Amino acid sequence: MSNNLNLDGCDLVKLALKYGTPLYVFSQGMIERRCREIKEQFLNRHEGSHAYYASKAFLTLAMCQIIEKEGLGLDVVSGGELHLALKASFPAERIVLHGNNKLRQEIEMAVESGVGRIVVDWEGEIDIIDEVSKIKGQKTPILLRVTPEVKAMTHKYIQTGHRGSKFGIPLERIPYVVKKTISLSNVELKGFHFHLGSQIDDYRTYLEAVDVITKLMSDLREGLGYTTEELDIGGGFGIGNGEGSLTKPISYFTDPAMERIKARCLTFGLPLPSVAIEPGRWITGEAGITLYTVGAIKEIPGSCTYVSVDGGMADNIRPALYGARYRAEVANKMGRDKDKIVTVAGRCCESGDILIEDLPVPGDIEPGDILAVFNTGAYSYSMASNYNMLPKPAVVFVDKGEDILVVERETYDDLVVKQRGIRSALRV
Ligand code: LLP
């Protein structure tokens, strides 16, 4: 019996040998199970509801195919994400376009392809959508993103619903914007959207925002006779770290939110809007593992032991950017006593490129070992860079003992393919 770490029937050490490291490995089954939980616990239980996977968390053609097959929608935030989704033949009507500064060209792309909704983030955007839609002879369904002035308890960099956020239309401007929007002929105002932030682990944060938004809906109905048909409460549903904290079921967030929406609508005498959610991390975060090969090991007396791996902040910026904490195992030495504490360092030329501090590992950890870092399925690959001219790792999906390469590893040539020398330096 091998002592190697296994994911969905695949030996991760063998995968590291087969594809090289660093390597992103995803459990397809876990992604599908998360989608099904959303269907069973949210979509099937609430008429007219929608769930859009926030593709910024992790987007590849294969991922789009899974989301399509599972019947969810897709949230995209740029022309690039939209392009990829359309390349994967994702149905445009199931796509919602976000962005706090959408380019006109992106709006044109969205209108032309017939995306289901555009979520407007600032007042001027409405005129652009209206004009573009008029040229194309269409009426575009939109939502207005509202800043509900709710501060989520999460890292400052990933709070988005507080007063002063760069996202959304300030609350007090909404009545003017609604009035203007409903007078336009090429946009159709379906309702409102808020997104409070990411890695939120308390459902009460959503309730605070629901209270604000339903009051707004009531005021708009009274003041302008405008009835909200749709309410999109965004994403941000947190995941556990695999140790002390566990990932909560989606219903932990959605049940109380739905109850509160229903109760408030009843109180205000409002018709119940159809409700949408936009989970990203909750779907892919735990499904991904990053594999690295251990290289340099430095024991610094009186300080710490650095175990360096062949990746780092270029394939996972989250520890450096948000102080994110990860759990890891030496994949080829499972089940042994962990009698050594090490600091896992990346290979980028930055002292801040530390992936994990104080990680217990087997005392005989050595160069060539395979380190598996858990819960890296969201915002690792999608935020990867080529810093230090490091090629981006490959992405492999595993499912019931089979592995499939869904993104090839970049080559050194890929890194220079778009570059040109300067004319004066060319020797002819
Ligand atoms: N909807 C909107 C409008 C969003 O802006 C986001 C994330 C989501 C949904 C999905 O949020 P999730 O369910 O994945 O938390 N790079 C950061 C996260 C930034 C999230 C940006 N917006 C990180 O690595 O933690």
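Glycine is no exception: its Cβ is also placed from the backbone N, Cα and C atoms.
No curator has checked TrEMBL annotations; they are predicted automatically.
Taken from TrEMBL, the feature active site, proton donor applies to C349. C349 (active site, proton donor) counts 9 other C-beta atoms within 10 Å of its own C-beta, drawing on all protein chains shown. DSSP classifies C349 (active site, proton donor) as coil under the three-state reduction.
Other Cβ atoms within 10 Å of the Cβ of E278 (pyridoxal 5'-phosphate binding site) number 27 in total over all chains. Residues or ranges marked as pyridoxal 5'-phosphate binding site by TrEMBL: G236, E278, P279, G280, R281, Y379.
Around Y322 (substrate binding site), the same-chain residues six or more apart in sequence whose CB sits under 8 Å from its CB are H155, Y157, I158, listed in sequence order. Under DSSP, Y322 (substrate binding site) is assigned to a helix (H, G or I) in the three-state scheme. Annotation source TrEMBL lists substrate binding site at R281, R318, Y322, E350, Y379.
Sequence annotations record features per position, and here TrEMBL assigns domain 'Orn/DAP/Arg decarboxylase 2 N-terminal' to 30-284.
What TrEMBL lists as N6-(pyridoxal phosphate)lysine is K56. Same-chain residues at least 6 positions away in sequence with a Cβ under 8 Å from that of K56 (N6-(pyridoxal phosphate)lysine) are, in sequence order, D75, V77, E81, G280, Y379, S382. For the recorded site, K56 (N6-(pyridoxal phosphate)lysine), the DSSP three-state label reads helix.
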Between P279 (pyridoxal 5'-phosphate binding site) and R318 (substrate binding site), the C-alpha gap once rounded to whole angstrom: 18
Distant-in-sequence Cβ neighbours of E350 (substrate binding site), under 8 Å, six or more positions away: M313, A320
Pyridoxal 5'-phosphate site, defined by G236, E278, P279, G280, R281, Y379: further same-chain residues with Cβ within 8 Å of the Cβ centre: A54, K56, A57, S198, G235, F237, W282, I283, A378
Integer Cα-Cα distance in angstrom, G236 (pyridoxal 5'-phosphate binding site) to R318 (substrate binding site): 16
Model confidence over the domain 'Orn/DAP/Arg decarboxylase 2 N-terminal' (30-284), averaged pLDDT: 96
Nonlocal residues around R318 (substrate binding site), in sequence order (Cβ under 8 Å, 6 or more apart): A324, Y379, S380, M383
C-beta crowding around Y379 (pyridoxal 5'-phosphate binding site), within 10 angstroms: 25
